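Visitor: From Swiss-Prot, here are the annotated features:
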| type | residues | note |
| --- | --- | --- |
| SIGNAL | 1-21 | signal peptide |
| TOPO_DOM | 22-392 | topological domain 'Extracellular' |
| CARBOHYD | N69 | N-linked glycosylation site |
| CARBOHYD | N107 | N-linked glycosylation site |
| CARBOHYD | N166 | N-linked glycosylation site |
| CARBOHYD | N258 | N-linked glycosylation site |
| CARBOHYD | N276 | N-linked glycosylation site |
| CARBOHYD | N302 | N-linked glycosylation site |
| CARBOHYD | N345 | N-linked glycosylation site |
| TRANSMEM | 393-413 | transmembrane segment |
| TOPO_DOM | 414-426 | topological domain 'Cytoplasmic' |
| TRANSMEM | 427-447 | transmembrane segment |
| TOPO_DOM | 448-463 | topological domain 'Extracellular' |
| TRANSMEM | 464-484 | transmembrane segment |
| TOPO_DOM | 485-499 | topological domain 'Cytoplasmic' |
| TRANSMEM | 500-520 | transmembrane segment |
| TOPO_DOM | 521-551 | topological domain 'Extracellular' |
| CARBOHYD | N546 | N-linked glycosylation site |
| TRANSMEM | 552-572 | transmembrane segment |
| TOPO_DOM | 573-586 | topological domain 'Cytoplasmic' |
| TRANSMEM | 587-607 | transmembrane segment |
| TOPO_DOM | 608-616 | topological domain 'Extracellular' |
| TRANSMEM | 617-637 | transmembrane segment |
| TOPO_DOM | 638-800 | topological domain 'Cytoplasmic' |
| REGION | 658-694 | region 'Disordered' |
| REGION | 718-800 | region 'Disordered' |
| COMPBIAS | 718-732 | compositional bias 'Acidic residues' |
| COMPBIAS | 733-774 | compositional bias 'Low complexity' |
| COMPBIAS | 781-791 | compositional bias 'Basic and acidic residues' |
Amino acid sequence: MKMKIIFLILILIFSINIIKCDKEFKMLTLLTAQVDDLGFNNMINQGRIEVAKGMNIEDSRLLVVEGFNETFKHLLPIVQNDDIDLVICSSSGHLQACRAIAEMYINSTTIKTQFLVRGSSSPTRNLIYISYNYASANYISGYFAALFSKTGKIGFVSPGQAANNNDSFVYAFWVGARQVNPDIKFYYYNIGNYLDVDKTVAATNDLLDMGCDVVGNTLDDFSTGDASIARGFPAIGTNGFPQRHVYGENVIYSYSYNWTKFFLPIAESVKSGNTNNSQWYADFDFDENKNFYHLDYGFEVNQSILDKMNTEIDYLKSTDRMSHPYYCNELIPQYAKENNLKLANVTGITLPIGCVTHQTFLSINKPFPGMTYLGNYKIKLVEVEFSQSLQYGFSITTGVLIAITIIMMLGIVRYKSTPSIRSASPIFLNFILAGGIIVYIGIIVWVGPANDHQCNARLWLVTLGFSTLIGSLVVKNFRIWLIFDNPELKSISITNYQLFPWVGACLVINIILMSILTSVGDLREIDAQGIDSLGKYEFMKVCKMNSSGASTLYTILAYFAALLLVGVFVSWKIRIVDIQEFNESKAIANTLYAISFCLFVIVPLMISPQDKQSETIVLCTAGLFITTAALLIIFTPKFWRVFTLGDGGTNDMFRKKQSNVATARAESSKSSSGPKLNRRGNLVSDDFTDTETSISEKKVNVVAGAVLAEFTDDTISEFDDNNIEQDNDNDNDNNNNNNNNNNNNNNNNNNNNNNNNNNNNNNNNNNNNNNNNNTNTSQPNDEKVEEKQQNDTEEEDKNQ
């Protein structure tokens, strides 16, 4: 009884050890991409899953790595720490790293990891090799492509040498097609990678455009098939995945790998502790348990094609691999001679004339006669241009505004003698308009195609235009301030020639700053990618400068801001001027305020990343708004007064006739003589009081002419000679009247002191009344004129 119990315990322990052993087997599979590529990596993963199912492996891992450095870096710690039993290095890109780690632990007693790698070298105690005849799969695929093609043109997309893959498999595809049709037209591209969707799709589309109706590939994914289906062409699956399971009848042919048939026996051998490793080989085989490839056809493939395909596959199965057509054909000898390749000479095997070994086959890279190599494919970058409609819109709008501005300049010349134009200085008005035209031209250049010259020209034009426009506005404001902010009413002469240097100084500062920007800013056109939601292979020509140029640009903006602040201050100082022809402060201030407001929008836009096309739209719109608003605000009132008032102004000082008061004084004061001076010794008329606190609107024309001359150029602002003579006569009459009144007052003073005091008081009262009348020159009314005439008459009666 005891023996039975012991026996049962031993059986239980043995069973537990077996179960424990099964659970502890660990397998790691290396991939070059994710399993959703519907290609090579997906099929490797399918083999891993089937092995885990068949052997009840709980710890079956995946690791996506590529290349020696990445593979070695991530794999070594796992091997050292996780007690992995089997590492499947699925890609040739994993080969070197896996071999290096296997070499490190080949004699280790603690790390017993086995490595399954791609290749056909001699195995070791911890290194297992597996290879599959990829050439036969490509050969039979090319055979099918030539059978199915209706145009006699087929294409191919290959990784090429850039991916450490020669074009021997491209050659195998072409050999299969040539077996069917010796005159087949064959075109192929290299894309430099096993997995590059963008290049694959673009290269496939190019091949389809050339007339190829069947396109194969040796890539890891199905991008070639996707591109063909999208264009309405049938696709073939040549990357080892059963594409028809996904795409149905859009795929007319595909072959798939069955890695389970090889991974499973290898894993079982490793689990059993076998270290006497061997080399494994996968290909077409009559033994279904060893047949690596499975072919699937669409309904469009007729029976004749199927029969030919089956016949050719049976030929490959029954023939020694070294005698297959891609190893042996009549083109090999000449090709080997031209490219220094050795012909096959295998001991114990009788080969046809003109064969190469598998190693020599793998070194085939240059195309054979009949193969058209299109080169390493480079995706053509597509330029995204600035919207043509917006270009036309801005250009046409700006052109119309330029035409209107030119008409305004002609209007300035035509109506230069009218008070509204004459009082504002026609020369400066044309400067302002010229600045506007320069800005408009800069905007047209701004929306045009970008190049180095355009990048520099647009900034030069816009900044010079604004300097001319704003500088002229500020200088005009400054002159108005100096003349009207004159409490002593001294005669101040500020000619245009005195103001030109100030406008020139504004331009010189602008030119210096722009010269610095041009010289050190490296302002040039570049092909920019990754902006404005552009596609991966789209670009836009944009202007770019370095940090020095950006700093200079900010300095230019600061200069404009300072100029605007000066203009705003001066326009505020002259807000009290009541004569409309001279009072441009409101118009200029409104212009400067509009510009300042726009700068608050422009400056943040210039210093923050924005959509380039939107940035151009905002900047050009702001430029048009600023310039057009400035010109309309300044010139619309002037031309309106020209067309409504003609040669007359809004103030009587512009009318070349005397007021009623001046006429009455001229008639009653002819006996007076001598000039009349105020307390400061300045020449004044009877309409000015001794306090000199205001300018009378109802003045004699000599004063009006004198004030006007301070604002305008002598050649265009003086009255004609006849009017000047008339004004001088009126002045003389007024002076005579004043002298006569003074003489009469003196006589009255000598006769009676009391009367004299009364008269003086009356005269003072009258003078005060006159002063009160004169202080309201900008708003004359009939009641004040009549009251002033009555006071003048009473004064003359008393003096008599």
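The backbone N, Cα and C atoms fix where each Cβ goes, glycine too.
Map the listed features onto the structure and describe their local environment.
Guide: Following the DSSP three-state reduction, the secondary structure of N69 (N-linked glycosylation site) is helix.
Long-range Cβ proximity for N107 (N-linked glycosylation site), meaning a same-chain Cβ under 8 A and a gap of 6 or more residues, is found for none.
Counting Cβ atoms from all protein chains shown, N166 (N-linked glycosylation site) has 18 others lying within 10 Å of its own Cβ.
On its own chain, N258 (N-linked glycosylation site) has G47, N291, F292, Y293, H294 as residues at least 6 apart in sequence with a Cβ closer than 8 Å to its own Cβ. DSSP classifies N258 (N-linked glycosylation site) as coil under the three-state reduction.
Over all protein chains present, the Cβ of N276 (N-linked glycosylation site) has 7 other Cβ atoms lying within 10 Å.
The DSSP secondary structure for N302 (N-linked glycosylation site) is coil.
Sequence-distant neighbours of N345 (N-linked glycosylation site) (same chain, 6+ residues apart, CB-CB distance under 8 A): none.
For the transmembrane segment (393-413), the list of distant contacts is 421, 426, 429-430, 433-434, 436-437, 440-441, 443-444, 447, 620, 624, 627-628, 631, 635, 639, 642: same-chain residues at least six beyond its ends, Cβ to Cβ under 8 Å.
Within the same chain, residues 386, 390-391, 394-395, 398-399, 401-402, 405-406, 408-409, 412-413, 421, 454, 457-462, 464-473, 475-476, 496, 499, 503, 616, 619-620, 623-624, 626-628, 630-631, 634-635, 638, 713 sit at least 6 positions outside the transmembrane segment (427-447) and bring their C-beta atoms closer than 8 Å to a C-beta of that stretch.
DSSP states for the topological domain 'Extracellular' (448-463), grouped as helix (H, G, I), strand (E, B) and coil, give 12 helix, 0 strand, 4 coil.
Same-chain residues lying 6 or more positions outside the transmembrane segment (464-484) and placing a CB less than 8 Å from one of its CB atoms are 424-425, 428, 431-432, 434-442, 492, 494, 499, 502-503, 506-507, 509-511, 514, 560, 563-564, 566-567, 570-571, 573-574, 576-577, 582-585, 588, 591-592, 595, 626-627, 630, 634, 710-711.
In the predicted model, the topological domain 'Cytoplasmic' (485-499) has a mean pLDDT of 70.
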Visitor: To the nearest Å, how far is the Cα of N69 (N-linked glycosylation site) from the Cα of N166 (N-linked glycosylation site)?
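Guide: Cα to Cα, N69 (N-linked glycosylation site) and N166 (N-linked glycosylation site) are separated by 22 Å.
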Visitor: Select the closest residue to N302 (N-linked glycosylation site) from the following glycosylation sites, measuring between CA atoms: N166, N276, N546.
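Guide: In terms of Cα distance, N302 (N-linked glycosylation site) lies closest to N166.
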Visitor: Does DSSP give N276 (N-linked glycosylation site) helix, strand or coil?
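Guide: In the DSSP reduction, N276 (N-linked glycosylation site) maps to coil.
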Visitor: Around the Cβ of N69 (N-linked glycosylation site), how many other Cβ atoms lie within 10 Å? Please give the count over every shown protein chain.
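Guide: For N69 (N-linked glycosylation site), the count of other Cβ atoms within 10 Å is 11.
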Visitor: Quick one: Cα separation, N546 (N-linked glycosylation site) versus N276 (N-linked glycosylation site), in Å?
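Guide: Roughly 66 Å, rounded to the nearest whole number.
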Visitor: For a three-state summary based on DSSP, what are the helix, strand and coil counts in the topological domain 'Extracellular' (521-551)?
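Guide: Secondary-structure composition of the topological domain 'Extracellular' (521-551): 5 helix, 12 strand, 14 coil.
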Visitor: Could you tally the C-beta atoms, other than its own, that fall within 10 angstroms of the C-beta of N546 (N-linked glycosylation site)?
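Guide: 12, counting other Cβ atoms within 10 Å of N546 (N-linked glycosylation site).
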Visitor: Mind checking which residues of the chain, 6+ beyond the ends of the topological domain 'Extracellular' (448-463), have their Cβ under 8 Å from one of its Cβ atoms?
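Guide: Same-chain contacts beyond the ends: 385-386, 391, 438-439, 441-442, 510, 513-514, 517-518, 523-525, 541-543, 553, 556, 623.
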